[in-house]
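Novice: Reproduced below are the annotations present in Swiss-Prot:
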- 1-30: signal peptide (SIGNAL)
- 1-20: region 'Disordered' (REGION)
- 1-19: compositional bias 'Polar residues' (COMPBIAS)
- His57, His112, Asp195, His199: Mn(2+) binding site (BINDING)
Amino acid sequence: ASTQQTPAQSPTASPTVSTPVAYVDRPLTASPAQLPPLPYDAGALSKAIDAETMRIHHDRHHQTYVDNLNTALKDQPNLQNLSIEAMLRDLNAVPENIRNTIRNNAGGHLNHTIFWQIMSPDGGGQPTGAIAQAINQTFGNFESFRKQFNEAGGDRFGSGWVWLVRNAQGQLQIVSTANQDNPIMEGNYPIMGNDVWEHAYYLRYQNRRADYLNNWWNVVNWNEINRRFQAASQQQARS
């Protein structure tokens, strides 16, 4: 069944959209797109996610986004020279006959590339450093932030993601995106995000998305999230 999608929006002029977002130091290449290895064993995140879910999620779902993206770009040399981020920021420049394919699969590739990095078997606990201070300033305290983040993830109807972003005004904001849309499509820099597609949690949690959302905090990689927050902040300061 096809999924109705809202039209892609051209991002507003924003310092946050000119920086890579898959990695803090380099853009995500499309020539060709490649599946990144997991930075830990598939069973390493068992505090929140079982090994079989991780293997299926990474080896099958993420690989499918990569394969579909490369197929769509096979006869598009001009697009192959762009980063994934650049394509998603300006979807109107993508030929109409492959626009939704690029939106879904480039988005899926980007989202999951971020997702694997912001989790760690040594993660969890309270945030520290600059991101902790920013969360406290914006949301009052970490518990308030976590509650709002989980509520946004729980309220996402169907498939999608919940994100903490730095918006065009330099403020932290919780947003939810449908399907495989990424916050850069609206001019926001994704600091962290959780996948609320059923394939991310169903083997272990079935329909208990709230339990998954709660347990996920046990593997959140605050060191990487601090790196991402600082990268967004530095880019904004230079602009």
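Keep in mind that glycine also has a Cβ here, set from the backbone N, Cα and C atoms.
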Novice: Within 8 Å of the centroid of the Cβ atoms of His57, His112, Asp195, His199, which other residues of that chain place their own Cβ, given that this set defines the recorded Mn(2+) site?
Specialist: His58, His61, His62, Phe115, Trp197, Ala200
Novice: Among the binding-site residues listed here (His57, His112, His199), identify the one with the smallest other-Cβ count within 10 Å.
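Specialist: His199, out of the binding-site residues His57, His112, His199, has the fewest neighbouring Cβ atoms within 10 Å.
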Novice: If you draw a 10 Å sphere on the Cβ of Asp195 (Mn(2+) binding site), how many other Cβ atoms land inside?
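Specialist: So the number of other Cβ atoms within 10 Å of Asp195 (Mn(2+) binding site) is 24.
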